[in-house]
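**Student:** Quick one: the structure is below, questions incoming.
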Amino acid sequence: MEESLSNCSLVTEAGSDYEELLPQPERDGSYASEREGSSLYRVAFNFVNVVVGAGIVGLPYVFKEAGFCMAIGLMTLLCWLTDYSVRMLVSTGYSVGVHNYEDLMHKAFGKPGYLTVCSLILVFDFGAILSYLIILGDSSSLVVKDALGYTEECASVTCEQIERICISVASVVLILPLCLSRDISNLESASFVSIFTVVVIILMVMANLFTKLSGDGEQLPEITVTGPGVFQACGIISFSFVCHDSAFLLYQTLGSKASRRWTTVTHISLSAALGICLCFSISGYLTFGRATQPNVLNNYDSNPIIVAMRVLYCITMALTYPTGFFVCRHIINALLYNGQPSIQDMSQRRYLMLTAPLFLTSVGIALIGLELDFVMALSGAGAGALAFILPPLCRLRLCQVTKQEQIAAIMMASFGTVMMLACILQAFEKQYGFSFGFAGF
């Protein structure tokens, strides 16, 4: 009993019993994958890239919705909870001999658990590809309007029609050919473009704030404590920070799979991601205040640098979309056909039957004109379940835990449940004018 409790106990401090949860050195003192694995800093870099992705442009809007002080508190809290739960998830998996999220849920709750986690991953990644299309439409339409000298007074088409045309053309010309590929390795270069774009955007936003502060008569917006959209803000933050669908993959790329290395990677990566996201979102909000839009790039006046930035960001969205699309297609194949045969081995007919409806559905929904914050919030609600509900439930189901761990797991699952439901209700309340009693929260 004591041995079992020790081997299943999650202790968060380095040098503690948590080390016993994960694979240990072989008898000769070496790790089986040490020579093949990536360095700690490379894994940390990939970890940060997973978190600080294309969705970062929506974070300044969180400060408008939740209030300045509340937004900082929520981002810090959700980052800390993500750090704790992602380590809980991996340690629980390896303690029971499984190496991915889907198998862990299947082991804990059988077929219903497997279907639940697959559905949530599908919601999360489908929301992500929708947000990419919406951002692409926003940014590309502004570029087109600048190039054509568009003015609403003398235009024969509306702004919404231009956005729809841009989404349709980009989807067919740029995105569809990439989605028809069966090999995701063809998209490796897209990650470097994405990283470069995010770095440039962060520097641009911070530089614009410093320019504003150096100008005469410029004032910073009011520093508010809280705002009217706290729960929706939680969803948007979760959309950015949750990385649990990639946790096992990141862990497996470590050279030596000791828990101290994984703990160090998680702490470094999420702390760095939090710092980057706070610098970016605070700079964006302080520049535009209550006028901050769900896509902060839409706030900037057009000039050659901003136009070039928007063009680069559109290309990034087009290259990033297929990555999420591949995940959605894989999950649908798993749900409908138990993953057999794989995407690589299935017939051309079944392959097109999976690819075409998924692609057309995502583009069709994007053309409806949903708001970016609504899509991010709903996708973030699913992400919140992946991060804050399922890992503690798996922990309680599969491991003998201490009383302290049991209380912590129950509190995290309860928080995740309340956040997910409130986020969904508040998002619909704002988008469609329903009244669920969340106005002002």
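Along the chain as shown, the residues are counted starting at 1.
Any Cβ shown, glycine's included, is placed from N, Cα and C.
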**Student:** Which stretch, out of 69-88, 349-368, is listed as transmembrane segment by TrEMBL?
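**Tutor:** Feature transmembrane segment in TrEMBL: residues 349-368.
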**Student:** Establish whether the number of Cβ pairs under 8 Å between the transmembrane segment (349-368) and the transmembrane segment (114-135) reaches at least three, counting only pairs separated by 6 or more residues.
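**Tutor:** When sequence-distant Cβ pairs are counted, the transmembrane segment (114-135) touches the transmembrane segment (349-368), since at least 3 lie under 8 Å.
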**Student:** Cβ under 8 Å to the transmembrane segment (230-251), counting only same-chain residues 6 or more beyond its ends: which ones?
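**Tutor:** For the transmembrane segment (230-251), the nonlocal Cβ contacts are 43, 46-47, 50-53, 55-56, 58-59, 61-62, 65-67, 70-71, 74-75, 78-79, 82, 85-86, 89-90, 93, 99-101, 121, 124-125, 127-128, 131, 257, 262, 265, 270, 273, 277, 327, 373, 376-381, 383-384, 386-387, 391, 419, 422-427, 430, 438, 441.
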